[in-house]
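First up is the structure itself, then whatever we jot down about it.
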Amino acid sequence: MNEKNIKHSQNFITSKHNIDKIMTNIRLNEHDNIFEIGSGKGHFTLELVQRCNFVTAIEIDHKLCKTTENKLVDHDNFQVLNKDILQFKFPKNQSYKIFGNIPYNISTDIIRKIVFDSIADEIYLIVEYGFAKRLLNTKRSFALFLMAEVDISILSMVPREYFHPKPKVNSSLIRLNRKKSRISHKDKQKYNYFVMKWVNKEYKKIFTKNQFNNSLKHAGIDDLNNISFEQFLSLFNSYKLFNK
């Protein structure tokens, strides 16, 4: 995505009072190394450097990079990189967390990038509230792919009045906690196939009628419109047993 389009999609939070309210929901300590996605004008970056060991801010807008550096002139535990987060290569040999107030229009791309291309153990993001709810919806393929790798929580609402320019909708702070992948490497392709057939309701392509009924019963599913991720995993495991 080019710099111009990202600029037009950015909404900033600059009030220290509002930033402090958001920061109370983020678990950080003086040993943490943080990658910040989009430093903006440096308001969150300033709070992060005061709480953490080291902050690497990744900002595509070179003018905002300078603004952030100027705001943090009294600190030395940070760096600002003028890069596109979607092209950035996260380190594979160190422990870190990620924070970002990310653009609405590339939220899916950013989350896919940081879940599957980074090893961050905790990820905190400010995203549009409706989008956050969709990440918890087991009828959506993207949610099912994410849930296999991370636990997803909505931590708090972030009212639209916190931002400037003010967006049309409210946002929320979410946390993605890394866990041991629920899908083995050898089953990834099979899981991807199962997810896509399931969300498209192509049940006959993954189960016979008897297999389907038995799998639902084993998973304790009474309503196909209301299933947990654990129940979905039970269905997938049944599918694997039937297709050895």
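Placement of Cβ uses the backbone N, Cα and C atoms for every residue, glycine included.
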Query - Listed in Swiss-Prot for the S-adenosyl-L-methionine site shared with Asn11, Ile13, Glu59, Asp84, Asn101, one of Gly38, Gly42 - result: Gly38
Query raised in the report: What count of other C-beta atoms do you get within 10 angstroms of the C-beta of Asn11 (S-adenosyl-L-methionine binding site), across all chains shown?
Result: 18
Query raised in the report: Near Ile13 (S-adenosyl-L-methionine binding site), how many other Cβ atoms are within 10 Å of its Cβ?
Result: 19
Query raised in the report: How many other Cβ atoms sit within 10 Å of the Cβ of Asn101 (S-adenosyl-L-methionine binding site)?
Result: 26
